[in-house]
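*Asks:* Sharing the features that TrEMBL gives for it:
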type: BINDING; residues: 73, 74, 95, 188; note: substrate binding site
type: DOMAIN; residues: 34-270; note: domain 'Aspartate/glutamate/uridylate kinase'
type: SITE; residues: 38; note: site 'Transition state stabilizer'
type: SITE; residues: 251; note: site 'Transition state stabilizer'
Ligand SMILES: NC(=[NH2+])NCCC[C@H](N)C(=O)O
């Protein structure tokens, strides 16, 4: 081998190993810690992306982190309502959930979507357990309160016992965003909210929202203006200044609420980018927007 060939092999090896080596401090830092991931959007619709999310979740669990997946239902609910001849209705972006619609939401979310994710994780070598808010009294719901919206709920309280039992024993909990109130009446709850409240109740290391945007953008039309890191106060200011707008407002608010309750970091990342979870968690620069609880955590 010539000197230049040896040099080339060395350099190639250095770039290839860089990313693996960069992961070590994060594996050490996050081992044994709970990471709550809200799974939704494109990453749930596209089967290629779906496989990658599932592999990433199994990866996290394999290296000793404790992932918990929370999911919504989206398109599959509409297609089943359609098959059953029930018209899907929305009011201010919320699904109008009358009793027949709630039946379908529960059947599809808990019966189909949840079990599909569980099966995929298990096929990939993980050990997943599917639950909804009813299981082990995980979540008590209350009505969201808007007139004419039906059984749309909010999280009244979270009982983390069942989740702790599962993650302590190496299981990956997969939670669908349906829960009952005191009387047993089921409600459909926003999955971001469920993820945020679970993360808060567990004092999780991270809340990660998989979305269909790059993260918080300075100019919402320009993906190159991604804001990589802010603290909770700056995140509030970005909302007040209208930099954060539209559908991003409830997402950022959800992050802010969970941080205020003790979650260490909240991340809004792009589920359309393959392996965005691994890129965010195990590299220095990440891939989306990271929101931290206070200025002290801004370095690093
Ligand atoms: N969007 C960002 N700036 N991400 C940085 C992530 C840093 C590190 N991997 C973590 O998860 O804590």
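Cβ atoms here come from the backbone N, Cα and C positions, even for glycine.
TrEMBL does not curate its annotations; it predicts them automatically.
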*Asks:* With the cut-off set at 10 Å between Cβ atoms, which of these binding-site residues ends up with the most neighbours? Options: 73, 74.
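*Replies:* Result of the Cβ crowding comparison: 73.
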*Asks:* Within 10 Å of the Cβ of residue 95 (substrate binding site), how many other Cβ atoms are there?
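*Replies:* By my count, 22.
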*Asks:* Across all the protein chains here, work out how many other Cβ atoms are within 10 Å of the Cβ of residue 188 (substrate binding site).
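*Replies:* Summing over all protein chains shown, residue 188 (substrate binding site) has 27 other Cβ atoms within 10 Å.
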*Asks:* Measuring Cα to Cα, how many angstrom lie between residue 38 (site 'Transition state stabilizer') and residue 251 (site 'Transition state stabilizer')?
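*Replies:* Just about 11 Å between their Cα atoms.
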*Asks:* Between 38, 251, which of the recorded sites has its C-beta surrounded by the fewest other C-beta atoms within 10 Å?
*Replies:* 251
*Asks:* Take the mean position of the Cβ atoms of 73, 74, 95, 188, the recorded substrate site. Which other residues of that chain put their Cβ within 8 Å of it?
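*Replies:* Result: 72, 77, 105, 109, 177.
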*Asks:* Just to verify a number: CA distance, residue 74 (substrate binding site) to residue 251 (site 'Transition state stabilizer'), in angstrom, no decimals.
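*Replies:* If we compare the Cα positions of residue 74 (substrate binding site) and residue 251 (site 'Transition state stabilizer'), the gap is 16 Å.
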*Asks:* Using DSSP, would you call residue 73 (substrate binding site) helix, strand or coil?
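*Replies:* Its secondary structure by DSSP: coil.
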*Asks:* Roughly how many Å lie between the Cα atoms of residue 95 (substrate binding site) and residue 251 (site 'Transition state stabilizer'), rounded to a whole value?
*Replies:* 17
*Asks:* Listed substrate-binding residues 73, 74, 95, 188 - what's their greatest C-alpha to C-alpha distance in Å?
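*Replies:* Answer in Å: the longest Cα-Cα distance is 12.
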*Asks:* Please report how many Å separate the Cα atom of residue 251 (site 'Transition state stabilizer') from that of residue 73 (substrate binding site), as a whole number.
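*Replies:* Each residue's Cα considered, residue 251 (site 'Transition state stabilizer') and residue 73 (substrate binding site) end up 17 Å apart.
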